[in-house]
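Notes for the one structure printed next.
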Amino acid sequence: MVVLSQPALNQFFLLKPFKSTPLFTGIPVVDLTHPDAKNLIVNACRDFGFFKLVNHGVPLELMANLENEALRFFKKSQSEKDRAGPPDPFGYGSKRIGPNGDVGWVEYLLLNTNPDVISPKSLCIFRENPHHFRAVVENYITAVKNMCYAVLELMAEGLGIRQRNTLSRLLKDEKSDSCFRLNHYPPCPEVQALNRNLVGFGEHTDPQIISVLRSNSTSGLQICLTDGTWVSVPPDQTSFFINVGDALQVMTNGRFKSVKHRVLADTTKSRLSMIYFGGPALSENIAPLPSVMLKGEECLYKEFTWCEYKKAAYTSRLADNRLAPFQKSAAD
């Protein structure tokens, strides 16, 4: 990604001037080893749709190794990086977010979590030593998946679901439609003189069941609270941040809310984030779980397959309410 002139910057969404948002100190923190972790998770998902996870069991070495490999790729020349794209949907992409006109000050690698798919993509990403990149990615994803299973099983317990694996089995399914994304937000000093904030990734919710984010020490992530206030999330490169996705909102019949979030680019420092998106198989039916609903409680959402929802999501803009077409009305 190159230095931008003022006219070039105009194609990106520049937020209006506002006082810098202080880092929000009220982010829920869940210790995965805490005796009451199941209830802490449920409370955080209900009140915020988001929480910070500590004592997660993923070795810091795996995080550092992947960060180093990602930065090694993003520091390549643009022509070299372009050989790993365009995204189909997997591969390298820059500035364009999806097919419907959304843009951001970001470049990324999007990968399937299936090792058989990672392998051929690795040849395009690092031609000189693809096997090392593949091993680093697979080691990280395996560790994060296992951690994610534990979170979902505690979540099921906290919701009073009798079978602990009700949620985790969807991600353990060999046909699980999960993916992994490396986002790089280069510094953009040209924006500083404009008294604007450059959006790296515009406001949106994640469509999957759950997403697991880890970033370097550069801030930029913001979440929207239930009252509509945007707050900045303090970075912590040793911890993970867990997002409730649209599918989980439906499965809990609205008890959990998929959190709206965005990323603002920094003027002087680059931000690198790595996100695991845990999704079900394409054929999986998504609907409110009877085991979480009270007697006589009405379903807020129509049943749909993950494939149907995914197709609908790809026809929408980033900030759209993608669940709206699947919400039940009084006439249903």
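The backbone N, Cα and C atoms fix where each Cβ goes, glycine too.
The model shown is predicted, which means the values in this text are computed figures rather than measured ones.
Positions annotated as domain 'Fe2OG dioxygenase' by Swiss-Prot, on the basis of sequence analysis: 175-280. Note: the domain 'Fe2OG dioxygenase' (175-280) comprises 12 helix, 46 strand, 48 coil (DSSP; helix = H, G, I, strand = E, B).
The annotation Fe cation binding site is assigned in Swiss-Prot to HIS204, ASP206, HIS261. All protein chains shown were included, and the count of other CB atoms within 10 Å of the CB of ASP206 (Fe cation binding site) stands at 24.
Positions annotated as active site by Swiss-Prot, on the basis of sequence analysis: ARG271. On its own chain, ARG271 (active site) has ASN183, HIS184, TYR185, GLY200, SER215, ASN216, THR218, SER219, GLY220, VAL263, ALA265 as residues at least 6 apart in sequence with a Cβ closer than 8 Å to its own Cβ.
Within the same chain, the residues at least 6 positions away from HIS204 (Fe cation binding site) whose Cβ sits under 8 Å from its Cβ are LYS260, HIS261, ARG262, LEU318, ALA319, listed in sequence order. Apart from HIS204, ASP206, HIS261, the residues listed for Fe cation, the same chain places the Cβ atoms of GLU203, THR205, SER211, ASN243, SER258, VAL259, LYS260, ARG262 within 8 Å of the centroid of those Cβ atoms. Mean pLDDT across the domain 'Fe2OG dioxygenase' (175-280) comes to 93 in this model.
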